[in-house]
Amino acid sequence: MKTKTYRFVCLVASVLTLQLMNGSSAATPPPPPNSKNSSTSCNRTCGGISIPFPFGIGGKDCYLNGWYEVVCNATTSGSSGTTVPFLSRINREVVNISLPEGNNEQYGVVHIKGPVTSLGCSSNTSQVPQKSLPDLNVTGKGSPYFITDENRLVAVGCGTKALMTDIESEILGCESSCKDSKSSQEVTNLLCDGYKCCQARIPVERPQAVGVNIESSGGDGCKVAFLSSKRYSPSNVTIPEQFHAGGYVVVELGWYFATTDSRFRNPLGCINLTYSGSYLSGDSCLCEYGYFSEMSYRNCYCSLGFTGNPYLRGGCIDNDDCKGPNICEEGTCVNVPGGYRCDPKPKIIKPAKPLVLQGVLLGLMGLLFLVVGTLGLIIFIKKRRRIISSRKFFKRNGGLLLKQQLTTTNDGNVDMSRLFSSEELKKATDNFSVKRVLGKGSQGTVYKGMMVDGKIIAVKRSKVVDEDKLEKFINEIILLSQINHRNIVKLIGCCLETEVPILVYEYIPNGDMFKRLHDESDDYAMTWEVRLRIAIEIAGALTYMHSAASFPIYHRDIKTTNILLDEKYGAKVSDFGTSRSVTIDQTHLTTMVAGTFGYMDPEYFLSSQYTDKSDVYSFGVVLVELITGEKPLSRIRSEEGRGLATHFLEAMKENRVIDIIDIRIKEESKLDQLMAVAKLARKCLSRKGIKRPNMREASLELERIRSSPEDLEAHIENDDEEDQVMEISRE
């Protein structure tokens, strides 16, 4: 509640008149400060905070007197070049400055940073209260400041007793407790009612100095007390540590435009104040004149319909009141100084109706038929073009080649009725929105989609196809049509009538294994048991491709990014863009080298002959990733061991493989079991393909490792001397 502004009654006006008449011969009334200079040549912002006159930064013409001087200092924290404003006379950082606004706010407001008094919050055990800043004191000759009743004394913590000091009239305070009971102190903030927090009002006489003292009334822990503005009160006031760490709170100071000379006749911006203290009407601003603490003061504010700074000449600017909605419902709004008026709208005389409308109606009907016919023709042409384009794209995207492959394939299982239209897939993927992207690969981009029936799908949109890549796309369709295995991604259908070919797969929700292994932000860390199961499932899928499918299929790009994980973290082998099938009697393929560095078989790289053992080598790298949790290529490792396979083989050779085991599984895994898998990985990474096991042997070995841990040591001891690994205990 703000204090009323007292105005002069006749007796006070008479006394002032006598004083002015007696003093007119002795002294000349002082001129008003140069408000013009203060507005044109002075900096009016500091650190993003507006500094309105009578406050100012710079020379003496920029502010009324020393009480209103603001210094713009560089801050010691935060980003370089940041500045903060300080009130020079009281040496406090300014948070906000506002001018009086009409009759409802009869003084201006300055928000400053105030101190926090704490007890038991620092590392030392001293029970002496600590203050982040000195107590607030705005006293002094000519001081226009006072502490408003918008502030509250607040105590936070268990058993915290806070008292206001430096107030002569009374002793005020409050006490908080951790017992769930209501405080007897009158409060208005229901979040601070005595439980862990209490508050007390500031006395209404507007003191200029208030100190805060804190005492412990029982209980340990951090306790704080402070004076704070209700406007800047935090939402959670039950945690004392956050106030102690912050080091300050915001305090509201009221200020008057004060002067000690009652002969100060004219205000800075308003010229309507009379000699006796009353004011005239009709100007852009108003001023009030009275007494407070035996000091004459004057507050000015812009009149209704004006905004700005009344302490500057011409500082109050007329508002355009006609910008508001529905100002004049039945007329035209005209802005006038300080308000607006509503002028009646001119009457509109409607033209007389034509006597003959037949010609106009006939013309409109003819135009309508012409428009309808034109639109129908345009629709027909567009539909025809779409059909031609669809046929063209179907042919260009390998539709004819696909039909030819299907007719020459002994066991083709592709259901040609599962061809999707482009409109279906656009609707399912929100027109292939970037928000739907699941991943990008060498062959194209994969989107998440949802069909009309609610089924979730993965849509692989190939890159712009040229003749060289067309065979790879058709090859992937043919290969996936021949595969029926629970650990291999299932092909649902395809779309060939778009500019770029599209494949539709079953949706695998948990993404690829590479991200789950190497993304540190992933909350789920795969256990050794899960990793071993994934390895067995991958081995089973590759065994099926190599020996159980209609034709042996070599994947040619086995890596963790091409291994997806379903909702139960089951493995699904994907991305068959570079895969090749061979006849039963073929032992290898001679092709251009394709694959991913870090996973590529060195024997294949040198000879360009890809065999089933090349897939085994890539599988060995995946096993090492599961064991170590490291990436296949890393700049962190030495130049010689930058590749994970080389790094792992050196560790096996030096009997220190235990040192490179993933720390996330090191403690919970069975060491004998893990070492047996490491030995299998070493065999898969043999430089010569003939020394590597085939995928069926690797799959059976992994099954044996999981199901028969008692036989592991015997198998390890029976290895060749070259591959032997010493037993390494956790100790």
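Cβ coordinates come from backbone N, Cα and C, glycine included.
The topological domain 'Extracellular' annotation in Swiss-Prot covers 27-360.
Annotated N-linked glycosylation site per Swiss-Prot: ASN37 (among others), in sequence order.
Residues annotated as N-linked glycosylation site in Swiss-Prot: ASN43 (among others). Look at ASN43 (N-linked glycosylation site): DSSP puts it in a strand. The number of other CB atoms found within 10 A of the CB of ASN43 (N-linked glycosylation site), across every protein chain shown, is 12.
Sequence annotations record features per position, and here Swiss-Prot assigns N-linked glycosylation site to ASN73 (among others) based on sequence analysis. Other Cβ atoms within 10 Å of the Cβ of ASN73 (N-linked glycosylation site) number 13 in total over all chains.
Secondary structure at ASN96 (N-linked glycosylation site), taken from DSSP and collapsed to helix, strand or coil, is strand. For ASN96 (N-linked glycosylation site), the count of additional Cβ atoms within 10 Å of its Cβ stands at 16 [all protein chains shown]. For ASN96 (among others), the entry in Swiss-Prot reads N-linked glycosylation site, with the evidence type sequence analysis.
Taken from Swiss-Prot, the feature N-linked glycosylation site covers ASN124 (among others).
What Swiss-Prot records for ASN137 (among others) is N-linked glycosylation site. Cβ contacts within 10 Å of ASN137 (N-linked glycosylation site), excluding its own Cβ and spanning all protein chains shown: 16. A strand conformation is recorded for ASN137 (N-linked glycosylation site) in the three-state DSSP classification.
Taken from Swiss-Prot, the feature N-linked glycosylation site applies to ASN236 (among others), supported by sequence analysis.
Under the heading N-linked glycosylation site, Swiss-Prot lists ASN272 (among others), citing sequence analysis as support.
Positions annotated as transmembrane segment by Swiss-Prot, on the basis of sequence analysis: 361-381.
The topological domain 'Cytoplasmic' annotation in Swiss-Prot covers 382-731 and rests on sequence analysis.
Positions annotated as domain 'Protein kinase' by Swiss-Prot, on the basis of sequence analysis: 432-705.
Annotation comment: Swiss-Prot describes LEU438, GLY439, LYS440, GLY441, SER442, GLN443, GLY444, THR445, VAL446, LYS460 as ATP binding site, evidence class sequence analysis. For VAL446 (ATP binding site), the Cβ neighbour count at a 10 Å cut-off comes to 22, with all displayed protein chains included.
Taken from Swiss-Prot, the feature phosphotyrosine covers TYR505 (among others). Cβ neighbours of TYR505 (phosphotyrosine) (same chain, under 8 Å, six or more residues apart in sequence): ILE457, ALA458, VAL459, LYS460, VAL489, LYS490, LEU491, ILE492, SER574. TYR505 (phosphotyrosine) falls within a strand segment according to DSSP.
Look at Swiss-Prot and you will find THR591 (among others) tagged as phosphothreonine.
If you look up Swiss-Prot, you'll see THR596 (among others) marked as phosphothreonine. DSSP classifies THR596 (phosphothreonine) as coil under the three-state reduction.
For the pair formed by VAL446 (ATP binding site) and TYR604 (phosphotyrosine), distance between Cα atoms is given as 29 Å, rounded to the nearest Å. Under a cutoff of 8 A between CB atoms, and with a sequence separation of 6+ in the same chain, the neighbours of LEU438 (ATP binding site) are VAL446, TYR447, LYS448, ALA458, GLY511. Taken together, the residues of the topological domain 'Cytoplasmic' (382-731) have an average pLDDT of 80. Checked against ASN137 (N-linked glycosylation site) by C-alpha proximity, the recorded positions LYS440, GLY444, TYR604 yield LYS440 as the nearest. When the recorded positions GLY444, THR596 are compared by the number of other C-beta atoms lying within 10 angstroms of their own C-beta, THR596 comes out lowest.
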